[in-house]
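J.: Submitted below is the structure of interest, expressed as structure tokens.
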Amino acid sequence: QGLSVLVGLALCVTMLGLGCAVELGQLGQQLRRPVGLLLALLGQFVAMPLLAFLLALIFALDEVAAVAVLLCGCCPGGNLSNLMSVLVDGDMNLSIIMTASSTLLALFLMPLCLWVYSRHWINTALVQLLPLGAVSLTLGSTLLPIGLGVLIRYRHPRAADLLVKISLWSLLVTLVILFILTGTMLGPDLMAHIPASVYTIAVLMPLAGYALGYGLATVFKMPPHCRRTVSLETGCQNVQLCTAILKLTFPPELIGSMYMFPLLYALFQSAEAGLFVLVYKMYGRDSYKQDTLGEEEDTDISYKKLKEEEVAETSYGTVTTEEHNSVQIEPTQTVL
């Protein structure tokens, strides 16, 4: 019961922080030019569910492991991508809009994706008991903290900034606590019962998600900093939501050790995103600085050119100055 309460609180804090990061003005701009909404739709509810389904087939998972993998693949984007986008000089507005829009779209598309991709295991008991109504109810309950966060951002921007920071760092702390508590309470034998194929999927799935997101942004001909953002948004799943659904909607005797899969996914998605950031800091940061300096130099040249034109326009006068600040006025004659 304590673990269930912790999972629910972690989900509420995450969704509250997500709502606090959304500004209504930026949301209106994105709706008028919905590139972020389209990328979130394609990345989170086309690419990732299909990837999870194919991995479950390739590694011949049983129905319990397949449902856990599918559930994680059908989840919306997570807040970890927002934190990582900051570290790789990404487009934060795009990152936040993609996370928020995928969370709202999940209310309708996540149960649909689960229903579509679980057809392969339809004859199994777990899939027949797949609680799509409970999944929708859990997703619907996340709208309240998101709406509260948006209201706080509108009324109290400084408090919203503080809540965003708290939610981002509490995300990492919560995942560590969940991993430790689950391993301690359920015993170390739980990890041994997880098949090696599931560990392999937990490694490959976020990595393939990052690659798919980068390729998707490349198809849309987005600039490099937006490609990095879309890559992180696609590979980073909302593992708190996945954990909450597994914990609150499935009987423990049915889901068994697969309760640990979203935590394993969170571990490897964080490690791989950290490597992404490290590689960027070592090799990609210089090119980003050169691009930024190039833009500043262009602006500076344009500014100098503008100043020269202003000086040229104001250089036509009848008063000339000489040394010692003397003023010489040329005499003129008037012809009658």
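Cβ coordinates come from backbone N, Cα and C, glycine included.
TrEMBL annotations: computationally assigned, not manually curated.
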J.: Using TrEMBL as the reference, determine which range in 222-244, 314-336 is annotated region 'Disordered'.
T.: 314-336
J.: Give the nonlocal contacts of the transmembrane segment (37-60) in its own chain as ranges (CB under 8 Å, at least six residues past its ends).
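T.: Sequence-remote neighbours of the transmembrane segment (37-60) are 30-31, 66, 69-70, 72-77, 97-99, 101-102, 105-106, 109-110, 113, 116-117, 120, 197-198, 200-201, 204-205, 208-209, 212-213, 216-217, 220, 230, 233-234, 237.
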J.: Does the structure show the transmembrane segment (94-117) and the transmembrane segment (67-88) touching, where I'm treating 3 or more Cβ pairs under 8 angstroms (sequence separation 6 or more) as a contact?
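T.: In this chain the transmembrane segment (94-117) contacts the transmembrane segment (67-88) - 3 or more Cβ pairs sit under 8 Å.
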